[in-house]
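Pulled from TrEMBL, these are the features on record:
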TRANSMEM  B:20-39  transmembrane segment
DOMAIN    B:20-439  domain 'DUF112'
TRANSMEM  B:46-69  transmembrane segment
TRANSMEM  B:108-135  transmembrane segment
TRANSMEM  B:147-167  transmembrane segment
TRANSMEM  B:203-221  transmembrane segment
TRANSMEM  B:319-342  transmembrane segment
TRANSMEM  B:354-375  transmembrane segment
TRANSMEM  B:387-405  transmembrane segment
TRANSMEM  B:411-427  transmembrane segment
TRANSMEM  B:434-451  transmembrane segment
TRANSMEM  B:471-488  transmembrane segment
Amino acid sequence: MTEVNWSRRIVAIGFLVVAVVVLVSAFRIPVGGGYQAVGPRAFPLLVGGGLGVVAVVGAVQAFRPRDSVAAGSALEADDDGPIAWRPVLILLAALAGYAALLVPVGYWQSTTVFFVVCARVLGSRRLLRDAVIALVLALATYVLFDRVLGITLPPGFVRLAI
Amino acid sequence: MDVLSSLFDGFGHALSPANLLLALLGVTIGTLVGVLPGLGPATTIALLLPLTFVFEPTSAFVMFAGIYYGGMYGGSTTAILLNIPGETASIPTTLEGYPMSRAGRAGAALATAAIGSFVAGTISTVVITFLAPAMSAIAKLIQPAEYFAIMVLAFVTVTSLMGSSIVRGLSSLFLGLTIGLVGIDQLTGQPRLAFGVPQLFEGLPVVALAVGLFAVAEAVATAASRDRGAGPAVSVEGRIGMTRDDFRRSWPAWLRGTAFGLPIGSLPAGGAELPTFLSYNVEKRLSKHPEEFGKGAIEGVAGPEAANNAAFSGVLVPLLTLGIPTSATASILLIAFQIYNVQPGPQLFDQQPMLVWTLIASLYIGNVMLLVLNLPLVRVWVKLLRVPAPLLTAAILVFATLGVYSTGASVFELFVAYGFGLVGFALRRAGYPVAPLILGAVLGPLMEVQFRRALAFSEGDPTVFVTRPVSAAILLLALACLVLPVVLRRTARIPAAVD
């Protein structure tokens, strides 16, 4: 395959960025005097150095005109095919909203909404069925964890009578 | 210490009604989640890990043993029925298992997988029972420099034996080690890579990391492939069971698979992938029906499944006695131990005898339960495959969120989990393996401890790792494991190019 593997290039650049960040911040760790034979800096430098080397090699491989993409064997269960960006982005936004609203709105309330939205984004078209399943699932897990197992979950603005 | 009396004590604890119920629950939930397409054992355990924290340690580990086996069996069910391997080690099972189920012999394939797993699991557990205490006695003698070298070897073998690129494997590994660095240095109190964020001073939450990398990433991948439509519907036709001929062909394969899986799994290197592929190739070569391979030869399911299960049990030896996980699943088990403030390693058998022996006894019980429960219930599990994918994914995300939140009661950890879900998805798309990452993140901090201890003993002389003969030999072996596959691949490619 001569087609460019964009995800690999982007990830390779990401690794380079992380390597730089690790090395820069490792040098900023104060060594501090004292009797420590090895301070807090040695291991981060080792890790950052290693990451730097493999990140550079990985980037060179990813940006080579003919990356050996075809060499990927049956051992790799990685997924090919085009990425459907719309559902991915909506899903990530829904997750962010879920996490942000969990405490102020409450566990079972936000879980119900999130489940319905998530199922819809992923292609479910039966709103009523999804809503019923979502509500039952959210209430069941809430009662099980909060009331039976004793793990406090955010109650939100509507308190359950049980 | 007498092994048998310790084991009896362990059975005494594990066989209490409450613990038996937890084992049953663990096997059931483990199978239930593991049978869902795309959720391999590592994902299953990551997703269910927080659930066990509700219980006190011993009960939690009893349940965990059940989840471990259940998740694995669930994984082979999807490999056979749907051609979806939950993890690399299940790929050989798909090669023969899926053709068998296409030919209406799913019942036989599922049966040989279940009985083979039981046979291999039981033999392995017996061996572990005696091997682990002996190993732990040896492990006590290991010095920091050698400990460090063994960890390097474990990292290198897990990274280089599988996957198509050593560079990408090492990248994941070093990223994992970087993640392990985050937080306050325990010896000097210096914050490292925390960027002034107070929540990061205790390090990145590993439960959130594991749930994100496996469960959330899986959900994101499902969303990304939404437009590609659903797979074929499945059903299990015919009887679940084997004919006399199936049995005659299966049992030598089970034993050979165990013979590959157990020793390789027990080494502080490798993991479960190598023995399953090895077993598949050996069965193919030894078979009296080589023409059936690729079209549904039962040996090709029996051998790798036994090897997989034996290796999974064997992996517990380095995990319990050295504290070194050699697979993604074992890394998540190590996280579970750490949450309970139990540090696996040479001292574990002395400090936590009840916990260890109850865990080992639970392995026997889990194996039996799996066999008794799963063969009759396989049709029930298969019905789960008809749950619409959108609902399944939504449920996975809800449980992932519940799990992460219930361990830390922190919204910050939720964002960490979701963030790593995205990272895990990106890595998968780009062909980077995830197992070395989680291994590095979990084992990295322990590795640094040994690294600094070794250098403290040598008064800061870094040559200590290569001047001590044992340490030097292990590091040399690690180097060979890193370089040899590359050389072999190069030389193998040249004749291929000539053709």
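We number each residue from 1, going along the chain as drawn.
Each residue, glycine too, has its Cβ placed from N, Cα and C.
Automatic prediction, not curation, is the source of TrEMBL annotations.
Count of Cβ pairs under 8 Å against the transmembrane segment (B:46-69): among B:108-135, B:147-167, B:319-342, B:387-405, B:471-488, the largest is for B:319-342. Mean pLDDT across the domain 'DUF112' (B:20-439) comes to 86 in this model.
In this chain, the transmembrane segment (B:319-342) lies apart from the transmembrane segment (B:387-405): fewer than three C-beta pairs between them fall below 8 angstroms, excluding pairs fewer than 6 positions apart. Same-chain neighbours of the transmembrane segment (B:471-488): 145-146, 148-150, 152-153, 155-157, 160-161, 166, 269, 464-465, counting only residues six or more beyond its ends whose CB sits under 8 Å from a CB of the stretch.
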